[in-house]
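J.: So TrEMBL lists these for the protein:
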COMPBIAS  1-13  compositional bias 'Polar residues'
COMPBIAS  35-45  compositional bias 'Acidic residues'
COMPBIAS  52-62  compositional bias 'Acidic residues'
COMPBIAS  318-336  compositional bias 'Low complexity'
COMPBIAS  377-387  compositional bias 'Basic and acidic residues'
REGION    1-84  region 'Disordered'
REGION    316-423  region 'Disordered'
TRANSMEM  137-157  transmembrane segment
TRANSMEM  169-190  transmembrane segment
TRANSMEM  202-220  transmembrane segment
TRANSMEM  256-273  transmembrane segment
TRANSMEM  279-297  transmembrane segment
TRANSMEM  451-472  transmembrane segment
TRANSMEM  484-504  transmembrane segment
TRANSMEM  516-538  transmembrane segment
TRANSMEM  662-683  transmembrane segment
Amino acid sequence: MADPLNQASTESHNAPAPDLDHQPPPPSTIATIPEMDEGDLEPEGAESQNNEGEDGRDDEENPPSIGDGDAAIAMQDDDDNAQPQGRCPALVAWFKSNAFLIYCSQFFSAWGDRMWTFAVALYLVEIEDNSLRLTAVFGFALTISVLLFGTLVGQWVDRTPRLSATRQSLVIQNSGVIINAVCLLILLHFKTEILPVGNGSLFFFCQVVIIVLGVIANLASVAEKICIQKDWVVVLAGGNKERLAEMNATVRRIDLTVNILAPILVGQIMSFASMTVAGIFIAGWNLCSLILEYYLLLRVYKKVPRLAIKLHKDETETATAAEPAGQTTEPEAATEPNEEAEIKPSAENPDAEPQADAQVADEDEPPMEHSTAGDARGTDEHAEPDYKSGGPKNTAKGWSRLEEDTPDDQQPADTEVQVTQPSPRPTILRRVANWFISYYHGWLTYKSYPVYMAGLALAFLYMTVMGFDSITTGYGYSMGISEALLGVIRGLGSIAGIVGTFVYQRMRQKIGATRTGLYALSEEILCLLLCVFSVWAAGSPFDPYYYFSGQSNSPTAGPTIGNDTGNFSAVTPNVTMDHTPLITPQGRDDPKSYLSPILFFAGMVTSRVGLWMFDLVTTQLIQENVQENQRGVFNGVQRSLECSMDMLHFILVIILPAPETFGYLIVISFFFICTGAVLYCVFSFRDRGHLFHTEKLTQCLHQNGEAGRMMRFHNETENDSEA
């Protein structure tokens, strides 16, 4: 079969305009190319307009071409956010904007995640007869899976077209939660019938299935967050740092607000209805959320043609250099013909099926060995996946092939044979070796960017017991704080985080993102000093000789810190619980003073402002400095580092589980946070050349010194005159 790209190129030179009507894209293709009249497409340097007016919206009448890059996104978003005269039309325009669609999709996603995170711990505790063993294994499996496979997930996001990666992650995540909720309800209702089967082997198998489904759904959730929060919002911002900061802050506000409201809703359903009704509600929510999220993201994808392109760094630089001269670079000019030329044979030519099957059968082989003569030129990051053949055909190496490939007449003749005759499947040992190689390459990619120091600083902040999880809840309860007050304190922490998102926007506008990170870390460390002081304050259960003396000398000694039903991440082994709190008040004396818990929780709540400010700073620095086709692998490695630090703090709690030794954990956590601050200071110094404006300090000291000398000279002159 003739190469589609060569055919299109021949027609463009032999006719006034190429006739693309005989190559309609398949129905499943999302990124379609509009029909063109004569003269709309010129051989070189011409701009094409995507007249997509199916819904009749004025703001989509003449969107910019794909080749216009970031400028096109800025113009498109300006059209979407244009404010007509009057308040109501302006509000309607905002509701139709791309940013609002992203916010809505993230609201549905965050609400489903928070409900599931809260409810799954309750179901697992109920299934295990009020034991935390299954809850502990579930939480540990989620953490270790992201640690092991976070890099691979990021690499998959990088080599998959944006819409395809988003769609697959949404389907896998929501389907995993739905199936898992159904399995939990079945296991909960038929537990007595399942337990005797095979001496408990069937019950154990059901538990394994629940954990595996949870791991798969969690990895898909990580992929979805990388796609939308780390990549799509950058494209929608169109190079506008102010808009990017606003979108990042708004998405974070949505997440923090949902973190307060979603568990309350699920708890009320469980209390006033039943756990069965709550499980059905969660499953139904995820089903509806899947449809709504994809619909909203699909609208954004259609309105922003730039999302259909994943540019290599070299291509981005070439496009930027050509824009001032009004020229369209070769990758941009070939974008639309390549898309249609590639999509057509994928869906209509039956020869495409063996090619896709060969790629799936031997996916670990280098992509260069699987390219046909047509794919070498026609398959790139612009093309949507071949849905009929089972998935995307482009790879990470294929993104930069546009400038590297040789002409089709110089392609080796045996390329087709390599595709139709795949090599044997790799062995398990080779797959393990490939995993280590991928992780190593991901780390090299991560470390190649100077901003990795800021990412490491953020990861170090995860090694802390001074966070609003079940560890902190248990510690507060051991000091005599009631459950209701602990819930209020947790809500105050989320509100403080929301305040931090507003402060971040204002400070970034005034002093920039890098300096804002310095102030954010300074605020967090100063506030956490209160937590350190609480270790030795009145009412603290800390006993430095607890394990040496064999008994506690603290007047407020409490039971071992474990896990409550509000979070499934923090665990201690062999701990059981009643239907209400994990740490029961029997045998616990009221503290002589509440100074220690007041200092501890006051420091935690106020530190949330700086913590979430720094989170937004790091997020935007990564978005601005990591090139487009490596955002996935960079954020995958970043998430793995965060999970490793998070798991380390759980291990420390398992080693030192008593409230009397919690003071050690506070001091260790403070040390890790200070280490993270030092790492960020190193990044700031390398980026800006200095940490503080020492020249201003020197000038001020010099002026003060001159003023002092003048004052002394004046006094000496007066004394001499008096004498």
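Heads up, the Cβ atoms here are built off N, Cα and C, so glycines get one too.
Whatever TrEMBL says is automated annotation, not expert-curated.
Note that the coordinates shown come from a computational prediction; the quantities given were computed from them, not determined experimentally.
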J.: Go through the chain and flag residues at least 6 beyond the ends of the transmembrane segment (256-273) whose CB is under 8 A from any CB in it; none is fine as an answer.
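T.: Counting only partners 6 or more residues beyond its ends, the transmembrane segment (256-273) has Cβ contacts under 8 Å with 107, 110-111, 114-115, 118-119, 122, 281-282, 491, 494-495, 497-498, 501, 566, 612.
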J.: With pairs 6 or more apart in sequence, are the transmembrane segment (202-220) and the transmembrane segment (169-190) linked by at least 3 Cβ pairs under 8 Å?
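T.: Between the transmembrane segment (169-190) and the transmembrane segment (202-220), which are separate recorded stretches, there is contact, as judged by 3 or more close Cβ pairs.
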J.: Mind checking which residues reach the transmembrane segment (662-683)? Cβ under 8 Å, same chain, six or more beyond either end.
T.: 450-451, 453-454, 456-461, 463-466, 475, 514, 517-518, 521-522, 524-525, 528-529, 531-532, 534-536, 540-542, 544, 561, 600, 614, 645, 649, 652-653, 656, 691
